[in-house]
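Features as listed in TrEMBL:
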DOMAIN    75-282  domain 'ABC transmembrane type-1'
TRANSMEM  12-35  transmembrane segment
TRANSMEM  79-100  transmembrane segment
TRANSMEM  112-132  transmembrane segment
TRANSMEM  144-162  transmembrane segment
TRANSMEM  183-205  transmembrane segment
TRANSMEM  263-282  transmembrane segment
Amino acid sequence: MRSRDTLMNWSGNILLYGFLSLLFLVTFFPFWQIFVLSINDGTDSLRGGFLLWPRDVSLESYSAVFSNPEILTSVKVTLLRTVLGVPLSVFCIALLAYVLSKKDLVGSRFVNLFFVFTMYFSGGLIPTYMIVKSLGLIDNFLVFLFPGLINIFWMVLIRTFMEGLPRELEESAQIDGANDVKIFVKVILPVCVPVLATVGLFSAISHWNAWYDSYIYTYNPDLKTLQAVLVKILNQYQTGDMLNEAQQLANESKKIPVTGESIRMTVTMVATLPIILVYPFVQRFFLKGMLLGAVKN
């Protein structure tokens, strides 16, 4: 009987590890394929086929992308937006969540429902644009920070986490003479580090990948974010350039180190690599924050 149970356990483990390995390959292979094509010669990439390794290593695509003067400016704008936007957004969301987590807040149920309502129904693009314009945020760097300062889903996540904290933490601080501001800064925020790190990661990804607000609200090239510039580059290489490259390749007149395909792969790597590198350092906070913030008490 014991040998049968052992066999069942081994069979289950083999199936589980096999499924997880397959899932890993399905998830990892597209990223690897993008990376290989980004460092492969453009002409060689036009031959097609799946590449496990680059057939002809070339960094001309990266040189072409980063030699674009718009890229360096957009990287600075995106980095500044992320560095300023993440702590500002996390602090404001945590402050709102702390207020709404109070059981004795008058009208707290109505206020919570009011905020949750905005998760499902928005004013639309035109009213939002009119508000942004009336505030003087068109072609203004602050348009990247203030319109999306509060995310209701993240607020609910932090609020749920705070509602599960022992009431005695605040009561003991009040006995020592601490006011609400000091309690929030010195007591609540330190114990909320896991969920704050989770929301911070969400916010960083949102700011880094944002392009629509830059596309709608900014016209100055010096205020374009990285993603907006990359979208522009992708659109350029998806038009007549691809036809010209195909014709040149057919005539075999000259070698093309940079093609629309290689540029698209390089642009994708430039956009995703920073977040991929940051995620391992905040993974433990991310997992803990998601679990603790999703379960009350």
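From the backbone N, Cα and C atoms, a Cβ is placed for every residue, glycine too.
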Outside the transmembrane segment (79-100), six or more residues from its ends: residues with CB under 8 Å to it: 108, 111-112, 115, 141, 144-145, 148-151, 154-156, 158-159, 161-162, 184, 188-189, 192, 196, 199-200, 203-204, 207-208, 210, 225
Distal contacts, the transmembrane segment (144-162) - CB-CB under 8 A, six or more residues away: 81, 84-85, 88-89, 92-94, 96-98, 100-101, 112, 115-116, 118-119, 128, 132, 135, 137, 188, 192, 195-196, 198-199, 202-203, 206-207, 210, 213-214, 225, 289-290, 292-294, 296
